[in-house]
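Feature list (source: TrEMBL):
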type	residues	note
REPEAT	10-44	repeat 'PPR'
REPEAT	50-84	repeat 'PPR'
REPEAT	151-185	repeat 'PPR'
REPEAT	186-220	repeat 'PPR'
REPEAT	221-255	repeat 'PPR'
REPEAT	322-356	repeat 'PPR'
REPEAT	357-387	repeat 'PPR'
REPEAT	459-493	repeat 'PPR'
DOMAIN	539-632	domain 'DYW'
Amino acid sequence: TVLLRTTGAGVVAWNAVIACCVRLGLVDDALELAGRMARDAETSAVAEPTLATWNTVLSGCARHGRDREALAVVGRMLEQGLSPDAATVSSLLKSVANSGFLGHGTEVHGFFLRHGLAPDAYTGTALVDMYAKCGRLDLAQRVFDGLEHRNLATWNSLVAGHANAGQFDRALELVETMKRHRLDPNVTTWNGLITGYAMNGLSSQAMLLLRQIKAAGVAPNVVSWTSLISGSCHSGDYQGSFTFFSEMQQDGVQPSLVTMLVLLRACAGLALLNKGKELHCFALRRAYDGEVVVSTALVDMYAKAGSLTSAKRVFGRVQGKNLVCCNAMLTGLAVHGQAHEAAALFHDMWRSGLKPDGITFTALLTACRSMGLVTEAWEYFDNMEAKYGVAPTAEHHACMVDLLARRGYLDEAMAFIERSPGEPGASSWGALLTGCAIHGNLDLAESAARHLFRLEPHNSANYLAMMSLYEQHRMFDEAESLKYAMKARGVDARPGWSWTQAGRSVHVFEVDGGSPPHPETPEIYGEMSRLVSQIRMVGYVPDTGCIAYDVPEEEKERLLLCHTEKLAVVYGLIRSDKSRAPVRVVKNTRMCRDCHEVIKHVSALCGRQIILRDASRFHHFVDGKCSCDDYW
């Protein structure tokens, strides 16, 4: 404010304020000030931005992940007639490396060569890093070999590039070569290898390396541990993320902002609401909650952990909401079946000037699917490109197929697939198969299955869906043939499971004895029998149509009691009887009709709230009713 009110402030003053904004992470303010300098210099006595001005802004963009803005900054420099220097190139290459835009990276490299700029160790390292992160290790090696001056950072970039690509032998060979050149590997060198192991699903090797460097006297830092945690999260081992986090704390290493963001993602993946609340408290203590990126992660975590109210509360407090934050809230509303609220938020975004992207429309179409809003979905889909400039992708086409198929418009869904541009993907055929399974259409299901068996021959879900349909139509020979086909192709059936949290422990219930039986199984089944007997008295009738096996009705009723979501719900009720807290259950497949009906009755009988996340959406059971209105 003082700068803007000062008449005739020189370029040094402007540059000092812009540099301060960059150091504080206020990249938008730095961009605005530099832009104002450029605009006002044409009509007033305001100093014109210099190369140093733009380089400062560019370094802020690179440091804070504002990669697209970095390219625009260089454009403004060139319009002003300024020639980029080595500092410009280094910052721009960092942005290119972060975004993976190889084409832009080669253009920058070409500009560098055309203008006769000799690469020093700093710019050479930036080029090696850019090519390595863009997946062109051959070009990274060529640049590396041509450098007259290399420093430890140059070697580390190449080591990390090979490690991230899974080429661990070559990465370790480079480490040995470093030693022969009298360069001692530092913690950054080892972090590159740890990250590579972790991101390639080899967390045990990453942990082994971390312990080895500790034994050798190299202290792992927050980056080392965050790489381990992030790698586990990336490979879906969310529980492993928390195990490593616990070891990190025991090692006396304080988590960073990035560590917390990764852990919030793990909480979202496991729907661990209590752990997420603990991390929220940590964010408040560290004053991270003012960061939009943290608020976005919290919105995502609370929504995926089943607390939409908390997600809305965090979202409502965010200052300067960006598209990523709004998309997180839209996605949360979608999975909770709040289509009308999602539509209202979308229109607020549009009116505020936020341009939607593909993720925005995936969330909107998912929200429409959750409530069966066909007309509204068509309106969004038809206007995506014409009004909003977003080209529909295969994911958007699959959302439309899913909506139409679930609503029973199977012929329309098939016609939509046939007129879609390009070859329809597995997601569209899978959505059609799911709709056929719900509505019992065997002919269209067989057509969809033929495509799926070709596109993803090792996906057990497709075989199991067809086997269930055949068994429902009492075509047991065809179902048996599919079992043989699975065995011949080496396809393992994905086990069905449900879990609930009691205290600080997660209790998993699996189909077909995938793990040892729960130690409290007798108590669980005893309570289950009691509850089922009571809800039968108020009208519950077992839906044995959910059991496709050719067995007597009594056996089908017994099999219904073994469904994992029922076991998890009953266990949750037993363990939270005193606290009366909501029972929260996560299931990896779609809930069957009988389980849905049982849980509705149980919520009324016990006067308890039960929140269940299945493969389709969240179900909130209260007083005998479900938030999905029996449509899922």
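Positions of Cβ are set from backbone N, Cα and C atoms, glycine also.
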DSSP helix/strand/coil residue counts for the repeat 'PPR' (151-185): 26 helix, 0 strand, 9 coil
Spatial neighbours of the repeat 'PPR' (10-44) far in sequence, C-beta under 8 Å, 6+ residues away: 3, 50, 52-54, 56-57, 59-61, 63-64, 66, 69, 73, 76, 80
Three-state composition of the repeat 'PPR' (221-255), taking helix and strand from DSSP: 26 helix, 0 strand, 9 coil
